[in-house]
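Take a look at the structure set out below.
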Amino acid sequence: MELKYKRILLKLSGEALMGDDSFGINTEVLGEISSQIKEIMDLGAEVGIVIGAGNIFRGVKGASQGMDRTAADNMGMLATVINSLAMQDALERGGVVTRVMSAIPMRLVCEPYIRRRAARHLEKGRAVIFAAGTGNPYFTTDSAGVLRALEIDADIIIKATKVDGVYDKDPVLHADAVKYEKLTYDEVLSKNLRVMDTAGIALAKEDNKPIMVLNMTQPGNIRRAVCGEALGTLIGS
Ligand code: UDP
């Protein structure tokens, strides 16, 4: 099958790993996500993955409770490493060769992030999980996802969520919410749509990197997207 997008940067929120749990990592959900990743890799896609940490710890929350923001953000970044190792385990159990590369070097558990090595892993058919965000406090894993997508020259960023695209208002709370098929970066910013943080959208806009927001709880959706089906919401210029 022809792939429309060959090199993909998949952004998963930490909450995506919780499933219906209220905290932490749900191994069943991880298994489902990894089989969707395997499915596209079997078709020849090269996959980079960035995972958040909202299921464990967010810096902003720590800071709102009086913690030093940088310390809290460092904790958030380390929490993404926990999620990345869990994702690696799930992928490898499913037969996908995987490397975790951390923006904060920790050689005993994973590789340090080196762009050229990441590109090499991808060319060799290994899934690469980019851990520890950008390595800097005051950023998010959305920005890290866009940054890594630009660095590895991904064809598209897939932001996998629990809803099937971007709506004009919260579809869970409003029955009359309308889904956007397409949006420009400027519309996302001016309408203040909470798809991805402002820094991430601005960075994607600078390089004109397309972002697709889709529902990954629907098995097969990631495959359909990389094969070119118009799913969810496509953000571009
Ligand atoms: N974080 C950071 N720098 C980065 C990426 C992440 O400091 O480049 C920290 C920040 O505290 C953030 C936490 O890691 O709250 C988890 O990331 P995020 O909130 O993006 O996770 P998600 O919402 O995707 O689960």
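Including glycine, each Cβ sits where the backbone N, Cα and C put it.
Taken as a whole, the domain 'Aspartate/glutamate/uridylate kinase' (6-215) shows an average pLDDT of 96 in this prediction. Summarising the annotation, TrEMBL assigns domain 'Aspartate/glutamate/uridylate kinase' to 6-215.
Residues annotated as ATP binding site in TrEMBL: LYS11, LEU12, SER13, GLY14, GLY54, ARG58, THR161, TYR167, ASP170. There are 20 other Cβ atoms within 10 Å of the Cβ belonging to SER13 (ATP binding site).
Sequence annotations record features per position, and here TrEMBL assigns UMP binding site to ASP73, THR134, GLY135, ASN136, PRO137, TYR138, PHE139, THR140, THR141. Its own atom aside, the Cβ of ASP73 (UMP binding site) has 23 Cβ atoms within 10 angstroms in the protein chains shown.
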Those binding-site residues in SER13, GLY54, THR141, THR161 whose CB falls under 6 A of ligand 1, listed in sequence order: SER13, GLY54, THR141
ASP73 (UMP binding site) to LYS11 (ATP binding site) - Cα separation in whole Å: 19
Max CA-CA distance, Å, over listed UMP-binding residues ASP73, THR134, GLY135, ASN136, PRO137, TYR138, PHE139, THR140, THR141: 11
ASP170 (ATP binding site) CB neighbourhood, other CB atoms within 10 A: 10
Integer Cα-Cα distance in angstrom, PRO137 (UMP binding site) to GLY54 (ATP binding site): 15
Spatial separation of ASP170 (ATP binding site) from GLY135 (UMP binding site) - C-alpha basis, Å: 31
